[in-house]
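So that you can see what the record holds, here are the features copied from Swiss-Prot:
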- 89-102: compositional bias 'Basic and acidic residues' (COMPBIAS)
- 128-224: domain 'PPIase FKBP-type' (DOMAIN)
- Ala2: N-acetylalanine (MOD_RES)
- Ser36: phosphoserine (MOD_RES)
- Lys99: N6-acetyllysine (MOD_RES)
- Ser152: phosphoserine (MOD_RES)
- Lys170: N6-acetyllysine (MOD_RES)
- 89-113: region 'Disordered' (REGION)
Amino acid sequence: MAAAVPQRAWTVEQLRSEQLPKKDIIKFLQDHGSDSFLAEHKLLGNIKNVAKTANKDHLVTAYNHLFESKRFKGTESISKVSEQVKNVKLNEDKPKETKSEETLDEGPPKYTKSVLKKGDKTNFPKKGDVVHCWYTGTLQDGTVFDTNIQTSSKKKKNAKPLSFKVGIGKVIRGWDEALLTMSKGEKARLEIEPEWAYGKKGQPDAKIPPNAKLIFEVELVDID
């Protein structure tokens with residue numbers, strides 16, 4: 001027996017609003033969409049996992065498509081449903097088995113490090129430690145786009161190093177990964193590929209173009 005046709009829960013504006021969590025849209029789609037529809041839009045599986053991979057635009061498109069195509073729960077044959085579910089279950093089980101492989105598949109680090117000044121070689125930061133750094137960031141053509149090193153003596157007195165928790169995504173990945181290899185007092189030159197910097201989008205506010213390789217001189221002055 002066909003299930004009752006659901007009503008639209010949100011307007012287009014509400015769907016695109018930041019106040020509406022992705023998980024709510026996914027739950028609605030999983031509650032009301034047929035399994036083949038969900039499989040086609042890669043929406044089957046644990047809501048948390050789906051939310052990690054699906055962006056808001058994809059969910060809005062799927063939501064509108066569900067009402068346009070009317071492929072609601074209970075609108076397709078059982079054999080077709082079980083086949084779709086079987087396929088998705090197989091795919092869902094794969095990441096668990098290949099998790100360690102996925103890490104290996106990333107290839108070499110997307111940065112290179114040259115030590116300019118050796119550290120104490122005993123105090124290394126761990127994930128979640130607060131690190132304190134002086135730095136200068138330049139583009140490949142030598143343009144300085146950011147620095148916290150002051151040149152005038154007046155400003156030098158008030159200058160403070162950049163402090164943040166390392167290894168948890170507070171900064172670009174190239175920094176997170178490289179700082180975990182540095183010891184207290186070390187100064188290094190980091191050449192970071194776009195994938196571990198600002199990627200395809202760049203950082204227009206800082207005048208960093210898309211796909212830019214960034215060069216930083218970073219000094220790790222302290223670890224908490």
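Note: Cβ is positioned from N, Cα and C throughout, glycine not excepted.
Here the CA atom of Ser152 (phosphoserine) lies 29 Å from the CA atom of Lys170 (N6-acetyllysine). Secondary structure by DSSP for the domain 'PPIase FKBP-type' (128-224): 19 helix, 35 strand, 43 coil. The most densely surrounded of the modified residues Ser36, Ser152, Lys170 is Ser36 (count of other Cβ atoms within 10 A of its Cβ).
Residue pair Ser36 (phosphoserine) / Ser152 (phosphoserine) shows a Cα separation of 65 Å. Over the domain 'PPIase FKBP-type' (128-224), the average per-residue pLDDT in this prediction is 93.
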